[in-house]
Amino acid sequence: MSNMMKALVKAKAEPGIWMEEVPVPEIGPNDVLIKIRKTAICGTDVHIYNWDQWAQKTVPVPMVTGHEFVGTVADFGAAVTEYKVGQRVSGEGHIVCGHCRNCRAGRGHLCRNTLGVGVNRPGAFGEYLAIPQHNVVPIPDDVPDEIAAIFDPLGNAVHTALSFDLVGEDVLVTGAGPIGIMGALVAQCVGARKVVITDINPVRLALAKKLGVQHVVDASKEKLRDVMPVLGMTEGFDVGLEMSGAAPAFRDMIDTMNNGGKIAILGIAPTGFEIDWNKVIFKMLHLKGIYGREMFETWYKMIALVQGPLDVSGLITHRIGIDDFQEGFDAMRSGSSGKVVMDW
């Protein structure tokens with residue numbers, strides 16, 4: 001094996017991403033070296049491509065980006081005993097410290113010292129990736145590569161959707177991006193009564209409808225208050241999944257929640273915004289922030305879901321070779337694509 005590989009690198013502190021030759025990652029005794037088969041482009045990768053304020057203060061340059069992947073074990077350190085060369089794997093993109101209070105209590109997703117693959121340390125947009133063995137997740141034979149490549153965002157959706165009991169509940173999802181659509185489909189799979197998704201992007205709403213989300217609402221043309229009676233809803237939504245990061249959507253959600261409703265918040269807002277906290281108080285709402293995936297319960301649950309009733313393959317709208325990476329980033333930056341999967 002050559003000690004050099006091709007990789008997509010954030011090589012300059014300016015918009016863009018570049019294909020370069022970089023050294024193959026070195027592994028320590030507890031690391032696994034993964035030969036990448038497929039990767040997917042995340043919204044985080046778009047932020048890094050655009051070099052927005054968040055990226056400028058977060059990502060050191062140069063950096064191999066990317067954190068949505070599937071591949072096979074190519075090598076491993078002397079202390080690794082659970083994996084074998086050629087085994088299909090994906091992996092958790094949040095590297096946690098293992099020694100803080102939350103890590104020691106089994107709550108690794110709450111680690112204060114988390115490092116992000118492809119953000120704070122070299123990522124998956126390369127021919128090889130090195131991660132700690134603790135972060136490696138074996139992929140069952142009946143899960144296709146392209147589905148395993150999008151487990152990171154699917155995990156975000158599963159973590160958000162399963163934060164509260166959904167059986168028999170009316171669920172509002174604000175934001176029909178890929179993760180929002182995934183969250184709506186998960187809610188339907190686990191027994192929600194009514195599932196409504198809102199957005200103002202007609203392409204994304206059309207994709208949500210095509211994939212089988214029960215009720216699709218264009219918030220620029222319809223008011224939720226007008227839609228609810230048509231669905232037989234008399235009191236409000238029981239559970240909200242906020243996936244948009246958009247102030248108007250979050251305010252609509254608060255307005256239409258039932259008293260005692262529960263909201264899981266994954267969408268990241270570009271800037272701070274106000275909400276009416278009196279409504280939160282007098283409705284006695286429960287708000288829960290979501291970041292990443294629970295380690296590793298979310299992984300177990302989403303693998304079980306895709307082995308069963310959950311089909312998210314229709315969310316992949318672009319399948320391209322890695323040499324056409326610019327086409328993939330252009331599609332993601334347009335805001336009108338589903339998931340983009342790149343073949344290495």
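For all residues, glycine too, the Cβ spot is worked out from N, Cα and C.
The model shown is predicted, which means the values in this text are computed figures rather than measured ones.
These come from Swiss-Prot:
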| type | residues | note |
| --- | --- | --- |
| ACT_SITE | T44 | active site, charge relay system |
| ACT_SITE | H47 | active site, charge relay system |
| BINDING | C42, H67, E68 | Zn(2+) 1 binding site |
| BINDING | C97, C100, C103, C111 | Zn(2+) 2 binding site |
| BINDING | I179, D199, R204, L266, G267, I268, I290, Y291 | NAD(+) binding site |
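Shown on the structure are the features that Swiss-Prot records.
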{"residue": "T44", "record": "active site, charge relay system", "DSSP (3 states)": "helix"}
{"residue": "H67", "record": "Zn(2+) 1 binding site", "DSSP (3 states)": "coil"}
{"residue": "C100", "record": "Zn(2+) 2 binding site", "DSSP (3 states)": "coil"}
{"residue": "C111", "record": "Zn(2+) 2 binding site", "DSSP (3 states)": "coil"}
{"residue": "L266", "record": "NAD(+) binding site", "DSSP (3 states)": "coil"}
{"residue": "Y291", "record": "NAD(+) binding site", "DSSP (3 states)": "coil"}
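Per-site Cβ counts within 10 Å over the binding-site residues C97, C100, I179, I290 peak at I179.
Long-range Cβ neighbours of E68 (Zn(2+) 1 binding site) (same chain, at least 6 residues apart, Cβ-Cβ under 8 Å): T39, A40, I41, C42, G93, A124, A149, I150, F151, D152, P153. Comparing Cα positions, C103 (Zn(2+) 2 binding site) lies closest to Y291 out of the recorded positions T44, R204, Y291. In this structure the C-alpha atoms belonging to L266 (NAD(+) binding site) and T44 (active site, charge relay system) are separated by 13 Å. Those residues noted as binding NAD(+) (I179, D199, R204, L266, G267, I268, I290, Y291) have their most widely separated CA atoms at a distance of 23 Å.
Here the binding-site residues are H67, R204, and the one with the most other Cβ atoms within 10 Å of its Cβ is H67. Using a 10 angstroms CA-CA radius around H67 (Zn(2+) 1 binding site), the recorded positions that qualify from T44, H47, I179, D199 are T44. If you draw a 10 Å sphere around the CB of I268 (NAD(+) binding site), it holds 13 other CB atoms from the protein chains shown. C97 (Zn(2+) 2 binding site) sits 16 Å from Y291 (NAD(+) binding site), taking the C-alpha atoms as the reference points. Looking only at Cα atoms, I179 (NAD(+) binding site) sits nearest to T44 among the recorded positions T44, H47, C100, C111. For the Zn(2+) 2 site, the Cβ centre of C97, C100, C103, C111 serves as reference, and the other residues of the chain with Cβ at most 8 Å from it are V96, G98, H99, R101, N102, R104, G108, R112, N113, T114.
Comparing Cα positions, C111 (Zn(2+) 2 binding site) lies closest to Y291 out of the recorded positions T44, D199, I290, Y291.
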